[in-house]
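Shown next, in structure tokens, is the structure this report addresses.
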């Protein structure tokens, strides 16, 4: 049995972000040009296996215990005892990938709590075009079989092509997880494996919302409806959604974990994900009745109330009409009245598809835009509006609404612009094995005042203290995504996505969906420094008292070394009892000398020390001004305001880097680190200004100049 050794080359940090942006500009990540997940190329790997006469084994998701899980399905769990990884060709003499097209009965739940995923897969079978975006044509256990398959999934704004081998978890010769009702089709089991791979393990799929899988199969965006507060036109909404090819799922909420997957007296499963597969009207006793068709991934547990498979209501429906609805017994699919649907279920999810997924000129297409962002402790993770001191540091996005809705779209007489906002946190399932789960997330929308219109600047704390939000996410909740349909008058608005509490880190995707065109942009400050012209005094112009002080400090050589500078600064700072500091380190002082040393001798002369001295005095004034709680140190967020007061405007990425480099583990910034940061910033800006001879904001270095500058900066 072959093992295909995959050795992808990874970029890290800033270089990874640059490479990702270049890939996006080249069109990578679109469905027609999907990114090869983990660098694995399906066609090349398959061709290599066929050429060598071996079957593929995926070292990126190997048939070992950690691929199953980390706790309930971990290496020492009794639930994984006896599991063996086998290929379908070892289980059956004639396994099939798909027989007569993919159908809803191909999906039956196994021992994994991923009914939410299987409900989405069942809905996927209703639309052949969408199905084969996820499950590419041309895969088989017969012609060209090499033990390798591939699937395409949408992952946080981009499509990825995921390769898997066909080694599946089995126990006693049967599949442990998803399987087909007939037992001889394996496309759904292999799709489940691909989904487990991108999420880190099978166990990572346990528990979730159908909307997650809906979106990962389509790139669409999901809306939620509380069926206890259902709008009066919900049945029409469902009909239109099905007509548009949307994917629908529903469930019954539970209030106690002991109720999870408990069966009601009418045979519905609590906390279990169902897919909505159709909606029709039938004539019953002379009246039209609204019906909903449901699918239970378990297969055999079906609704036993009115309009169930063997209920008497069907006897009073015209046989032709009954045949059109294809009522079958015990196949996991059943009909129920819309009235009972509202009464029995508590939540409905509708995944609206994007224009590229719909591929139809007859349907109204969405205008879509998305942005990727991060929340980082101390710089961009400000928490929700309950934390006014830090809320303003969150990433901000502007949306410009110009075209109002068509008059017949809404009942309201007031004109307005409708759009859908969706905030998604990234990679949280994959991080479950490290003890991290979903953060509580949401967003707020603010109207931009007329005097600030058109300005692409990050709004500061005072704005949010003085202005209330115009809209917000309905809840802050620990789901992968929160979304809301919002309607506002034309104008400019600021969207602020956040975690509920400050300093909760994560990556996110913010998506805008609108039926009318709307302008969007990410807000960030432009990098600039408002520095006064540097006035360099000659030795004769320097105050005599300062010369006397310098003579005492410098010694016989009349220059201050790195060690002498450390002694001087720490002696001075120790007299300021209101400052929290560990003192200037030798490395910090070496950095200051390197940055201020103009003649390159590694020491500071009278003029050089005079410049540094005056700067430190100015920095002390700023530090005390922005140490708002008089703790002797600044918080990371106070640091951001202090940097701006010192004349520097930086974008959020630079603020992230500064906090990473200059703050303590508790995100406090001591005076010594504050000084080092500002000295470095000012010197680097001045270096750049000198080197930017064309004044075009671009400087070109050869390798020597680059190393010379960066090694001693």
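Please read every residue number as a count from 1 along the shown chain.
Note: Cβ is positioned from N, Cα and C throughout, glycine not excepted.
What Swiss-Prot annotates here:
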- 55-354: domain 'Calpain catalytic' (DOMAIN)
- 115: active site (ACT_SITE)
- 272: active site (ACT_SITE)
- 296: active site (ACT_SITE)
- 354: phosphothreonine (MOD_RES)
- 355-525: region 'Domain III' (REGION)
- 526-541: region 'Linker' (REGION)
- 542-712: region 'Domain IV' (REGION)
- 557-575: domain 'EF-hand 1' (DOMAIN)
- 584-609: domain 'EF-hand 2' (DOMAIN)
- 597, 599, 601, 603, 608: Ca(2+) 1 binding site (BINDING)
- 614-649: domain 'EF-hand 3' (DOMAIN)
- 627, 629, 631, 633, 638: Ca(2+) 2 binding site (BINDING)
- 679-713: domain 'EF-hand 4' (DOMAIN)
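Helix, strand and coil counts under DSSP for the domain 'EF-hand 1' (557-575) come to 12 helix, 1 strand, 6 coil. Using the Cβ center of 597, 599, 601, 603, 608 for Ca(2+) 1, the list of other same-chain residues with Cβ within 8 Å runs, in sequence order, 559, 593, 596, 598, 600, 602, 604, 605. Cβ neighbours within 10 Å of residue 601 (Ca(2+) 1 binding site), excluding its own Cβ and spanning all shown chains: 11. Taking the mean position of the Cβ atoms of 627, 629, 631, 633, 638 as the Ca(2+) 2 site, the remaining same-chain residues with a Cβ inside 8 Å of that point are 626, 628, 630, 632, 634, 635, 668.
Looking only at other Cβ atoms within 10 Å, the busiest spot among the recorded positions 296, 354 turns out to be 296. If you take the Cα of residue 629 (Ca(2+) 2 binding site) and the Cα of the residue listed as 'phosphothreonine', they are about 49 angstrom apart, rounded to a whole number. Summarising model confidence by region, the region 'Linker' (526-541) averages a pLDDT of 81. The Cβ of residue 627 (Ca(2+) 2 binding site) lies under 8 Å from the Cβ of 633, 634, 638, each of these being in the same chain and 6 or more residues away along the sequence. Per DSSP, the secondary structure of the domain 'EF-hand 2' (584-609) breaks down as 15 helix, 1 strand, 10 coil. Take the Cα of residue 272 (active site) and measure to each of the binding-site residues 597, 608, 631: the nearest one is 631.
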